[in-house]
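To start, the structure under review is shown below, and the notes come after it.
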Amino acid sequence: MITLDLILPDTRYPIHIGHGLLEQVDLLLPHLPLPKAAIVSNATVAPLYLQRLQQALEARGVACSSVVLPDGEQHKDWQTLNLIFDALLSGNAERKTTLIALGGGVIGDMTGFAAACYQRGAPFIQIPTTLLAQVDSSVGGKTAINHPLGKNMIGAFYQPKAVIADMELLATLPDRELSAGLAEVIKYGLLGDAGFLAWLEANMAKLRARDGDALQYAVKRSCEMKAAIVAEDEKENGVRALLNLGHTFGHAIEAGMGYGAWLHGEAVAAGMVLAAAASAELGWIGRDEAERVRRLIAAAGLPVKAPSMPTEQWLNLMSHDKKVEAGTVRFVLLRELGQAVIKSGLDTALLDKILRENS
């Protein structure tokens, strides 16, 4: 097992990465202020892992309740969030009852947001069951639900007490979900580590074949980079915005196509292709480098073409992005492979060109 520590001005917490961690309750107990927990999962994950976790906790004297939500990005909304509150209130959960997120990014985001709101702040722990959640959404304290006009527009920064990334939980992950997680892994190489990017190119076949050592290294390196950035800029006032590489386009795809039609990682992948194309048009990277990005994303089993939408629709969707400042959409682009930068605004003609060529 590998343990990383995310250290912030007001708190710190461990990120445990390894095999067979789900039932290692000793990793959880130090972070429970009371022997009471409420596990939040979904209809896909719960039949696989909920009973194992609940029994392991109860065997150590922890009183456990659970709530099982419908699965999918389309359920990341007020109505589903209220199911968590209903379960907590009907079960007389206290402020020191620890919420445990057992699921992917949607479950983690919603559980964290519920914890931030419940009695003005209850502790929570992340046990991510998808690659995307293990490498990205479970770390850093971003919690949110979607709104029809934009993704993750209603939420809070609220840090977990611990993150438990068990590689064995990825064994049941569908291939499409695994590829979606690889999009976020690729993102880290593109935005800040050219050496890691080269490693991904050399090891993509192993990752897609679920090689345990390769997956653990990919999760470790991704979490190291995420933790370092969050430690420097917890509330996304500066460098943390670089973690949104591919996301300005990607969130527009998710909203434009309807939440759930494209997986988040798929939309980010197509968004990174567009970001690389824009960077090449600006002369920041070569066209051969933009093609290198496209090839790696394709090798991960991810889409390299964005859905066809009028440029006006793209602009309208992106106008609701959280990175908009003074009415201007900000894009995360590539100054070079391994170095991302923020660019305020893109010429409409340039947008037209890259969308036409990559949709």
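Yeah, the Cβs are placed from backbone N, Cα and C, and that goes for glycine too.
Sequence annotations record features per position, and here Swiss-Prot assigns NAD(+) binding site to 71-76, 105-109, 129-130, Lys142, Lys151 based on sequence analysis. For Glu184, His247, His264, the entry in Swiss-Prot reads Zn(2+) binding site.
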Among His75, His247, the one of these binding-site residues whose Cβ has the fewest neighbouring Cβ atoms within 10 Å: His75
Three-state secondary structure, His247 (Zn(2+) binding site) (per DSSP): helix
Sparsest-packed among the binding-site residues, when each Cβ's other Cβ atoms within 10 Å are tallied, from Asp71, Lys151, His264: Asp71
Using Cα positions only, nearest of the binding-site residues to Glu73 (NAD(+) binding site) (Glu184, His247, His264): His264
Between His247 (Zn(2+) binding site) and Lys151 (NAD(+) binding site): CA-CA distance (Å): 10
Residue, out of the binding-site residues Glu73, Asp109, Glu184, whose Cβ gathers the largest set of other Cβ atoms within 10 Å: Glu184
Most Cβ neighbours inside 10 Å, all chains, among the binding-site residues Gly105, Ile107, Thr130: Ile107
Glu184, His247, His264 excluded, remaining Cβ within 8 Å of their centroid (Zn(2+)): Leu132, Asp136, Ala183, Lys187, Gly246, Gly250, Gly265, Ala267, Val268, Gly271
Cα-Cα distance linking Asp109 (NAD(+) binding site) and His264 (Zn(2+) binding site), given in Å to the nearest integer: 13
